[in-house]
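Asks: Under the heading site 'Important for substrate specificity', Swiss-Prot lists TYR12, GLN70, GLU152. If you look up Swiss-Prot, you'll see ASP69 marked as active site, proton acceptor.
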Amino acid sequence: MPRLILASTSAYRRQLLSRLQLEFDTGRPEVDEQPQSGEAPSALASRLAAEKAAAVAVRLPGAWVIGSDQVADLDGQALGKPGTRAQAQAQLTAMSGRTVRFHTAVSLIGPERELHALDLTEVQLRALTPAEIERYLDAEPALDCAGSFKCEGLGISLFDAIRSQDPTALVGLPLIALARLLREAGFHLP
């Protein structure tokens, strides 16, 4: 079996990939995550997933490298990871009662081959009061998550609905698409 590398230091992505029961290592991708001028959120996610995989693949010839990225999209504007509580409050306030699109891209780069996929998840947030936003951030300050919430935790209470073909995509790694790409690359999965 060829060597498999996850180009990420994200604990969320490591946990998800471990569900496929394949042995893998991780590598830290060094890429500039700034959007290019006029770049759509879906294109940004796709480009960053490919760049992350390529940045690690160049150091490990012969390995298959998985890169993934997620971009939250509110009315065509990319929302980054908040980083601060104030920014998380602003994001959650802006998303309150609205639909947010999450573009989650995955790239698999190996010897002389690249495979790519993109998943779209739509999250309908319920109307949130300022007090609810404060209580949520007190309980689960999701400052390292696109959209300022963790759907796998208490963040699910902020939603009215989720629409997606792959429920793992919202956590940051679309396993249905990735399993397909891995099978195409010759990995043995059920």
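From the backbone N, Cα and C atoms, a Cβ is placed for every residue, glycine too.
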Asks: Long-range neighbours only, meaning 6 or more apart in sequence with Cβ under 8 Å: which ones does the residue listed as 'active site, proton acceptor' have?
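Replies: The residue listed as 'active site, proton acceptor' has long-range Cβ partners GLU33, LEU44, ALA45, SER46, LEU48, ALA49, LYS52, THR104, ALA105.
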Asks: List the residues of the same chain that sit at least 6 positions away from TYR12 (site 'Important for substrate specificity') in sequence and have their Cβ under 8 Å from its Cβ, in sequence order, or write 'none'.
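Replies: Listed in sequence order: GLU152, VAL171, GLY172, LEU173.
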Asks: By the count of other Cβ atoms within 10 Å, pick out the sparsest of the recorded sites GLN70, GLU152.
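Replies: Lowest Cβ count within 10 Å among the recorded sites (GLN70, GLU152) is GLU152.
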